[in-house]
Amino acid sequence: MEDFVRQCFNPMIVELAEKTMKEYGEDLKIETNKFAAICTHLEVCFMYSDFHFINEQGESIIVELGDPSALLKHRFEIIEGRDRTMAWTVVNSICNTTGAEKPKFLPDLYDYKENRFIEIGVTRREVHIYYLEKANKIKSEKTHIHIFSFTGEEMATKADYTLDEESRARIKTRLFTIRQEMASRGLWDSFRQSERGEETIEERFEITGTMRKLADQSLPPNFSSLENFRAYVDGFEPNGYIEGKLSQMSKEVNARIEPFLKTTPRPLRLPNGPPCSQRSKFLLMDALKLSIEDPSHEGEGIPLYDAIKCMRTFFGWKEPNVVKPHEKGINPNYLLSWKQVLAELQDIENEEKIPKTKNMKKTSQLKWALGENMAPEKVDFDDCKDVGDLKQYDSDEPELRSLASWIQNEFNKACELTDSSWIELDEIGEDVAPIEHIASMRRNYFTSEVSHCRATEYIMKGVYINTALLNASCAAMDDFQLIPMISKCRTKEGRRKTNLYGFIIKGRSHLRNDTDVVNFVSMEFSLTDPRLEPHKWEKYCVLEIGDMLIRSAIGQVSRPMFLYVRTNGTSKIKMKWGMEMRRCLLQSLQQIESMIEAESSVKEKDMTKEFFENKSETWPIGESPKGVEESSIGKVCRTLLAKSVFNSLYASPQLEGFSAESRKLLLIVQALRDNLEPGTFDLGGLYEAIEECLINDPWVLLNASWFNSFLTHALS
């Protein structure tokens with residue numbers, strides 16, 4: 001690769017790349033892919049600025065031949081390729097003369113025509129992924145980002161590509177040539193894959209024998225043994241040294257390491273605003289099932305047959321009416337959609353043979369509810385270059401929402417036991433090794449604790465719905481297919497039971513990419529009156545569709561039955577993960593196993609049996625405003641499972657960000673509790689990173705409020 005770079009790139013570029021790598025302490029003999037990447041990036045920056053000038057009238061012009069006259073000024077200032085001190089000097093002088101805002105990171109170019117700094121990216125991956133990484137790092141509206149890929153794709157801020165078509169084509173052609181040259185030498189694959197570096201963690205192992213001798217031989221000068229060197233590293237006082245290094249980087253960096261004390265952290269600031277609303281793909285605690293026991297009807301197991309059989313168990317249907325409208329939707333359309341489902345189910349029943357699947361008639365109400373013909377038409381860019389006001393959509397900032405009590409109630413319900421079993425105990429073969437015996441014993445204990453848990457019902461419901469929807473999306477792309485929402489369980493007496501929660505109607509689903517969206521309308525039965533917590537049901541139109549007789553302590557009472565209707569959407573990748581929800585069982589089992597392992601290592605014997613059978617012992621299950629909550633091992637299993645299930649049901653970028661950033665603060669607090677005297681710099685920045693994820697997501701807001709309870713008790 002090094003030979004290729006020296007042949008392929010201009011010697012001046014190679015020399016600059018060597019300097020850059022030296023400045024960062026990297027060895028170009030080892031980091032050959034990085035060497036190639038730096039040269040490529042430098043060349044793209046130079047090509048970007050080549051031939052572009054500004055004339056006396058302040059217009060941008062292109063001059064390719066001969067010497068430009070003295071009155072022309074270069075349009076771009078090249079910052080990339082200078083050493084850091086010089087680069088910051090150039091940036092500071094540009095900011096002073098033009099009034100531009102000083103960037104946090106060194107940009108690559110400055111554009112005197114558009115008066116903005118430019119960050120150039122060259123990626124071997126998807127342009128949009130790299131663009132987002134750059135944007136997240138820079139976090140500045142002012143710096144313009146322009147990404148090129150080796151496949152000829154590009155992406156720029158607000159689709160503003162700065163340069164003319166021909167100049168950009170020159171860059172793309174050059175990148176394509178580099179790629180082909182690398183490929184012909186067998187270097188491309190390694191170069192392409194090297195863009196994402198994986199972090200490695202070195203454990204502190206005891207080193208003996210030959211490795212020990214090698215370690216002693218490879219110490220820095222002035223250290224006699226590995227122990228000496230380790231003692232020096234462990235006792236190293238970082239403040240002055242790190243500050244010195246950082247001050248060479250940027251004039252604004254200040255990293256005095258502050259001690260982190262009990263009084264240091266503050267609670268997370270949760271947003272104010274209207275209460276957050278339900279956003280799961282199906283109802284959770286509010287769902288109502290129409291069930292048949294010991295199903296043995298003809299076509300048992302075919303969803304549509306099962307659904308019709310379940311529907312026949314209920315006799316309290318009545319003329320539906322809207323009791324809680326959807327603020328922004330056309331509510332009569334939701335009402336008509338339900339009436340259409342009832343009518344078309346009735347039509348099926350009148351047929352001699354019930355079909356296996358049902359495609360709904362494409363009525364105006366369903367077209368509206370499924371967003372048919374609502375997507376803007378895609379037009380080829382070349383066909384509309386001359387349109388004056390062509391621009392990307394403006395997207396509004398999401399509205400801040402406050403934490404509402406319903407999400408804690410949802411979580412509590414998910415931890416409870418139902419009176420049915422939702423998973424079977426695996427029929428496991430004979431154990432061969434002792435370790436298998438322990439593993440299957442743990443699995444059986446765990447399964448018996450969670451098989452009746454409501455979170456397990458949500459798993460099976462989620463797996464069923466996502467599988468059915470993904471199948472229908474591939475098999476009937478153009479059809480509005482009716483998909484019953486079904487689950488299966490066993491009663492206390494071991495009898496099989498089939499449950500119907502409601503229906504989904506799928507919209508058009510030509511899903512080429514993982515993230516392409518399929519719209520669907522969900523219609524779900526419930527006994528919950530939406531008027532009790534209207535804010536929870538903001539995205540729903542709720543109909544009253546019947547009266548149900550409920551057995552209660554005072555005999556039979558009649559309760560209104562509701563139908564929760566909403567338009568929703570999902571994608572191939574979300575459905576794929578939804579189908580994998582059983583993994584939540586595995587994740588929570590592994591967490592329980594690590595607790596058992598910790599106990600076992602203290603007692604020096606396997607504690608599985610005692611762990612599950614000692615009913616008097618309690619274990620911590622979480623924090624609440626009252627303090628650390630403790631409970632039985634069964635409740636611990638169910639709580640861990642519910643957390644894992646909610647992470648899946650309420651998966652979102654806000655949750656990803658909150659989990660990653662709050663974990664850093666959690667580790668610092670735990671280090672303080674373990675008397676490890678942690679130090680931090682830019683704690684304010686960490687709080688900012690955590691709090692920018694607290695927007696409107698109910699599960700993230702609940703986790704943040706739990707985190708605050710943890711902070712209070714951990715530091716009191």
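Backbone N, Cα and C define each Cβ position, glycine as well.
What you see is a predicted model, and the numbers here were worked out from it, not measured in a lab.
Site annotation for Mn(2+) 1 in Swiss-Prot covers Asp108, Glu119, Ile120, and the matching candidate from His41, His52, His297, His326 is His41. Per Swiss-Prot, the listed range annotated as motif 'Nuclear localization signal 1 (NLS1)' is 124-139 (candidates: 124-139, 396-411, 444-459, 668-683). Packing against the motif 'Nuclear localization signal 1 (NLS1)' (124-139) from elsewhere in the chain are residues 103-105, 145, 147-150, 153-155, 157, 191-192, 195-196: each is 6 or more residues past its ends and has a CB under 8 Å from a CB in it.
In the predicted structure, the motif 'Nuclear localization signal 1 (NLS1)' (124-139) carries a mean pLDDT of 81.
DSSP assigns Glu80 (Mn(2+) 2 binding site) to coil, not to a helix or a strand. Other residues of the same chain near the Mn(2+) 1 site, with their Cβ within 8 Å of the Cβ centroid of His41, Asp108, Glu119, Ile120, are Val44, Cys45, Glu80, Pro107, Leu109, Ile118, Gly121, Val122, His146. Cα spacing between His41 (Mn(2+) 1 binding site) and Glu80 (Mn(2+) 2 binding site): 9 Å, rounded to the nearest whole number. In this structure, Asp108 (Mn(2+) 1 binding site) belongs to neither helix nor strand by DSSP; it is coil. When the Cα atoms are compared, Ile120 (Mn(2+) 1 binding site) and Glu80 (Mn(2+) 2 binding site) turn out to be 9 Å apart.
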